Amino acid sequence: MIVVIGSINMDLVLRVPRMPLPGETLTGGAFRTIPGGKGANQAVACARMSGKVAGAQQVAMVGCVGDDAFGATLRAALVGDGIIDSHITTLPGVASGIASILVDDNGQNSIVIAGGANDLLSPAHIDAAQGLIEQADIVVLQLETPMDTVVHAIKLARSLGKTVVLNPAPAASLPDGVLELVDYLIPNEIEAAMLAGVSPDGADAKALAAALQKLGSDNVIITLGSKGVHAALYGGDYTFPAEVVQAVDTTAAGDTFIGGFVAGLASGMDEAESIQQGQRAAAWSVTKPGAQTSIPHLHELF
Ligand SMILES: Nc1ncnc2c1ncn2[C@@H]1O[C@H](COP(=O)(O)OP(=O)(O)OP(=O)(O)O)[C@@H](O)[C@H]1O
């Protein structure tokens, strides 16, 4: 089983001809609500990339939603993807997390996130999910829920002997000693620079990965957008070019990569094969708009 611990958001996506100025009211275009949140996106990507064949990995999610209409829709979307929701807690009197996203005619976006229920995921929720985590082979986390909860979950997963995958997004520094508990650290270049304590301008992926390994993470896989991936694995350093596609929307490319990679590892692939599967899934996703709407199923890739 793969257990994903993290955020569950509704993305409120509005097309605009251009970004509004302060105090200005603009008439926008198409509006859509699309399930998102890094945690939920990664759970969906793990589930879709595990396929529906006999013996495929089960995926469970640990997180919080509010007792509003978005919360019910978000839970239903996850269950619709076959994700076990027994440890998704509905919090009374709390709003579900949302991301308000404006996308202009040049494809630029501007995003405001209100964490809502995600901000209330606590160490007690993680302890309540211990029985579920005990059944996991791999535990996947990100940083859209409180840091003390993420650290608590990493420590618990590690103490239970689980493989820990951390996507340190959005960029933040981590308490001392946490990287030593992470088996696979998967940042983008900006997140990697933040963790290494250097400026992202001109930072070299190989040097960043080496610095992060020195800080304690066994394996560091830095995603580089259309340039692919640089991986510093236990056995050596490798660069994997991205697949060449016509990108229309890169939302959730990183989440889709993680789903493809983790599903690959869980199915017994080695790291290189899992990275290639992650990149194939992510390249497919950038050719489609939206977050969970752009995540492929395994059978669509092969
Ligand atoms: N334009 C592209 N063409 C092909 N593959 C891409 C492209 N952009 C992203 N990818 C794939 O997606 C992976 C993750 O992309 P990226 O490094 O942009 O992640 P990210 O910054 O976490 O993205 P996001 O926050 O949008 O989810 C890349 O390593 C690559 O495999």
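Residue numbering: from 1, along the chain as shown.
Yeah, the Cβs are placed from backbone N, Cα and C, and that goes for glycine too.
Automatic prediction, not curation, is the source of TrEMBL annotations.
Taken from TrEMBL, the feature active site, proton acceptor applies to ASP255. The Cβ of ASP255 (active site, proton acceptor) lies under 8 Å from the Cβ of LYS38, ASN41, GLN42, ALA45, ASN167, ALA291, ILE295, each of these being in the same chain and 6 or more residues away along the sequence.
TrEMBL lists ASN9, MET10, ASP11, GLY37, LYS38, GLY39, ALA40, ASN41, GLU144, ASP255 with the feature substrate binding site. Under the three-state DSSP scheme, ASP255 (active site, proton acceptor) falls in the helix class.
Residues or ranges marked as ATP binding site in TrEMBL: ASN188, THR223, LEU224, GLY225, SER226, LYS227, GLY228, GLY254, ASP255. Taking the Cβ of LEU224 (ATP binding site) as reference, residues of its chain lying under 8 Å away and at least six apart in sequence are, in sequence order, ASN188, GLU189, ALA205, HIS230, ALA242.
Secondary structure from DSSP puts GLY290 (K(+) binding site) in coil. Residues annotated as K(+) binding site in TrEMBL: ASP249, THR251, SER285, LYS288, GLY290, SER294.
TrEMBL lists 2-297 with the feature domain 'Carbohydrate kinase PfkB'.
Cβ-based neighbour count (10 Å, all protein chains) for ASP11 (substrate binding site) stands at 24. Here SER294 (K(+) binding site) is positioned 13 angstrom away from ASP11 (substrate binding site), judged by their C-alpha atoms. If you take the C-beta of LYS288 (K(+) binding site) and look for same-chain residues 6 or more apart in sequence within under 8 angstroms, you find VAL248, ASP249, SER294. Around the Cβ of ALA40 (substrate binding site), 32 further Cβ atoms fall within 10 Å across all displayed protein chains.
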